[in-house]
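Colleague: Let me begin by handing over the structure; questions about it come next.
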């Protein structure tokens with residue numbers, strides 16, 4: 001009887017572990033599933049429809065241009081170039097994507113989160129001050145590091161994080177993400193630039209500030225560097 005209970009407990013643990021492991025982009029069930037944009041369809045799926053494998057070619061797995069610096073003349077002084085399933089159709093179901101981030105001096109990739117992906121950042125040029133904040137249950141601890149050329153830093157899935165160019169020259173970083181479509185929520189844009197606006201009384205209470213402060217922030221133009 002003890003052996004039976006042990007077996008049941010073991011199976012329960014394995015089932016739980018399997019559920020946790022699968023809590024990300026699903027594994028593909030074939031060699032590839034090149035995305036097919038079907039604008040005429042009213043059906044949405046978790047991912048994209050697959051192109052007929054016989055019609056797939058090398059260009060479905062190709063993207064060019066990441067060697068080119070991006071324009072950082074904007075209020076944030078940064079520019080994020082995303083390469084996900086919308087740019088490379090062959091990424092569909094593969095669970096990965098990439099970004100190039102260009103920074104002017106004092107340029108900022110503002111606090112944001114990726115709801116569907118962890119991220120690792122590699123600095124190619126310059127010096128970046130980076131960090132992330134843990135969840136409420138962990139006490140909202142701040143982890144930061146100053147990164148130089150060749151350094152790597154990891155941002156866990158779903159946590160608020162940022163990158164700031166503390167150098168006097170332009171900086172460039174590449175980031176890999178564990179989703180074909182990681183999504184991005186820029187905190188300031190979402191809270192103060194939502195459409196329609198969040199009730200000011202809600203934000204005044206949440207941030208413990210006067211309604212006039214909330215009104216001022218909601219009237220600002222919240223630039224999207226993505």
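Here the Cβ of each residue, glycine as well, is placed from N, Cα and C on the backbone.
Keep in mind that this is a model prediction, so the values were computed, not measured.
According to TrEMBL, the protein carries these features:
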| type | residues | note |
| --- | --- | --- |
| BINDING | 109, 114, 119 | oxalate binding site |
| BINDING | 112, 114, 119, 161 | Mn(2+) binding site |
| DISULFID | 33-50 | disulfide bond |
| DOMAIN | 64-215 | domain 'Cupin type-1' |
| SIGNAL | 1-23 | signal peptide |
Colleague: Just to be sure I understand: of 33, 50, 161, which recorded positions have a C-alpha no more than 10 angstroms from the C-alpha of residue 109 (oxalate binding site)?
Modeller: 161
Colleague: Tell me the Cβ neighbour count for residue 50 (disulfide bond), meaning other Cβ atoms within 10 Å of its Cβ, over all protein chains shown.
Modeller: 18
Colleague: Based on Cα coordinates, which of the following binding-site residues are within 10 Å of residue 33 (disulfide bond): 112, 114, 119, 161?
Modeller: none
Colleague: Quick one: pull the CA-CA distance for residue 112 (Mn(2+) binding site) versus residue 119 (oxalate binding site), whole Å only.
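Modeller: It is 12 Å, counting Cα to Cα.
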Colleague: What Cα-Cα separation, expressed in whole Å, is found between residue 114 (oxalate binding site) and residue 161 (Mn(2+) binding site)?
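Modeller: Cα-Cα distance, residue 114 (oxalate binding site) to residue 161 (Mn(2+) binding site): 9 Å.
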Colleague: Return the average pLDDT for the domain 'Cupin type-1' (64-215) as a whole number.
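Modeller: Over the domain 'Cupin type-1' (64-215), the predicted model scores a mean pLDDT of 96.
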Colleague: Write out, in the order they occur in the sequence, the residues of the chain not among 112, 114, 119, 161 that have a C-beta within 8 Å of the mean position of the C-beta atoms of the recorded Mn(2+) site.
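Modeller: Along the chain, the qualifying residues are 113, 117, 132, 155, 159, 160, 182, 184.
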Colleague: For residue 119 (oxalate binding site), what residues in its own chain, 6 or more apart in sequence, show a Cβ-Cβ distance under 8 Å?
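Modeller: In sequence order, the residues whose Cβ lies under 8 Å from that of residue 119 (oxalate binding site) (at least 6 apart) are 154, 155, 161, 175, 176, 177, 178, 182.
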Colleague: Give me the count of other Cβ atoms within 10 A of the Cβ belonging to residue 112 (Mn(2+) binding site).
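Modeller: So the number of other Cβ atoms within 10 Å of residue 112 (Mn(2+) binding site) is 21.
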Colleague: Starting from the Cβ centroid of 109, 114, 119, which together make up the recorded oxalate site, report each further residue of the same chain whose Cβ lies within 8 Å of that point, ordered by sequence.
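Modeller: Near the oxalate site, beyond 109, 114, 119, sit 99, 112, 113, 117, 121, 155, 161, 175, 177, 182, 184.
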